[in-house]
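**Student:** One structure, pasted below without further comment.
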Amino acid sequence: MIDQEMKQAVLDGFAKEFGDNEGVKCYFAPGRVNLIGEHTDYNGGHVFPCALTIGTYAAARKRDDRVMRFVSLNFDGSRRETSLDDLVPNDPKAGWTNYPKGVVWAFEKRGMKLETGFDMVIIGNIPNGSGLSSSASLEVLTGFALRDMYGFDVPNQELALIGQDAENNFNGCNCGIMDQFASAMGKKDNAIFLDTADLSFEYAPIHLDGMKIVVTNTNKKHKLTDSQYNARRSACEHALSQMQTVCDIKGLGDLSIEEFEAHKDVITDDDERVKARHAVYENQRTLDAVAALKAGDLEKFGQLMNASHVSLRDDYDVTGIELDTLAETAWKVDGVIGSRMTGGGFGGCTVSIVKDDAIENFKEQVGKAYKDKIGYDCTFYIVSIGDGPRVIE
Ligand code: ADP
Ligand code: MG
């Protein structure tokens, strides 16, 4: 139902902006929520995200010249016109279109040249900038649409790598592979247990009988996400280089807790040692959480979610008062299985698993505590786990 409404919105938008709808196709790619395994993906560790039923929709059509025109129905004044001869990274004038342009650039870099440009109208139903990866959904959406329109032979997993390339090298955010992988490889009612060291993965069914996944948005406006994110990544890389002088490892994710504790003193900087500790312990928590889920022990899964938040708060230092207020209040509410920040941090959202009969109480208590402490409202979304990118017929 939502799919058809959104399809109609992009088709109407397309006709209004570009004259008619002749030969236009519609596409969708999901956002994602990460259940556990945060800031482990660029450390070669494990993550456990799932694609959502919300994401970004596009209507697109090839042109017969080299022009590319983009419109987002989510923003006024979003229209941008550019060309295949103008793929300049991080162009401030390009605004949001640096994401789709970056994807075109990453295709061309891999030898998949577009002969002609295209027109594209998008609309998202995912709150953007909130840690649910609207940017990855936009990248995977663009890649999926290009594959379909131009007939490129590229599997979904490669669409994830292309999206990450666009985000890292065209948009300047050094994110790991998790977001794009979750969007490109999503499967209804399953989370993806991914080893980012070699991209091996398995789907894990999520049966939440009598429970829901609740995402709570801090609605925090000013974030320094990219610079802070890149700083954490650099700290881990430096810690890794020192660990590699004593251990034969490719990433911090290769270290067991015992190995880390035995050798951690080679990391000379106190702060970097603590950041590395998060990466190692969070990786282990992710392995333990998936094992607990498989054993049907949701209580343990929830405790590991809470411990993840504590580590992100105390060791990795990426939470802040808004996310802490949400998670710490949630922990005290009866019927909450677990609650933690999700995504990069510094604002954005928490993810909580909440029993059905506790959801109203959860919203009331968390909403009130947040408003009292922070001064404005948070927003709640009950989310469902959906499939990866697709054509909307
Ligand atoms: P997140 O990926 O967590 O949502 P980011 O800051 O990484 O947050 O990405 C948000 C950015 O992605 C927006 O500022 C915008 O540039 C782009 N974006 C995402 N969805 C849309 C959309 N529907 N229309 C236009 N731009 C979008
Ligand atoms: Mg993003």
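Keep in mind that glycine also has a Cβ here, set from the backbone N, Cα and C atoms.
Remember, TrEMBL labels are computer predictions, not curated facts.
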**Student:** Can you tell which of Y99, Y150, Y203, Y229 TrEMBL lists as binding substrate with E38, H39, T40, D41?
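**Tutor:** My reading of TrEMBL gives Y229 as the candidate in that site.
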**Student:** Of R32, G129, E167, D179, the recorded positions listed, which put a C-beta under 6 Å from ligand 1? Please answer none if none do.
**Tutor:** G129
**Student:** Applying a 10 Å Cβ distance cut-off over all chains shown, what neighbour count does G131 (ATP binding site) have?
**Tutor:** 30
**Student:** Determine the Cβ neighbour count for S130 (ATP binding site): the number of other Cβ atoms within 10 Å of its Cβ.
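**Tutor:** There are 23 of them.
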**Student:** Looking at the recorded positions E167, D179, which one has the fewest other Cβ atoms within 10 Å of its own Cβ?
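**Tutor:** Each of the recorded positions E167, D179 was scored; lowest Cβ tally within 10 Å is E167.
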**Student:** Among R32, G129, L132, S135, E167, the recorded positions in the record, which have a C-beta under 6 A from ligand 2?
**Tutor:** S135
**Student:** Translate the DSSP assignment of S72 (ATP binding site) into the three-state scheme.
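**Tutor:** Its secondary structure by DSSP: strand.
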**Student:** What recorded positions in the list R32, E167, D179 lie within 10 angstroms of S134 (ATP binding site), counting C-alpha atoms?
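**Tutor:** The recorded positions passing the 10 Å Cα test are R32, D179.
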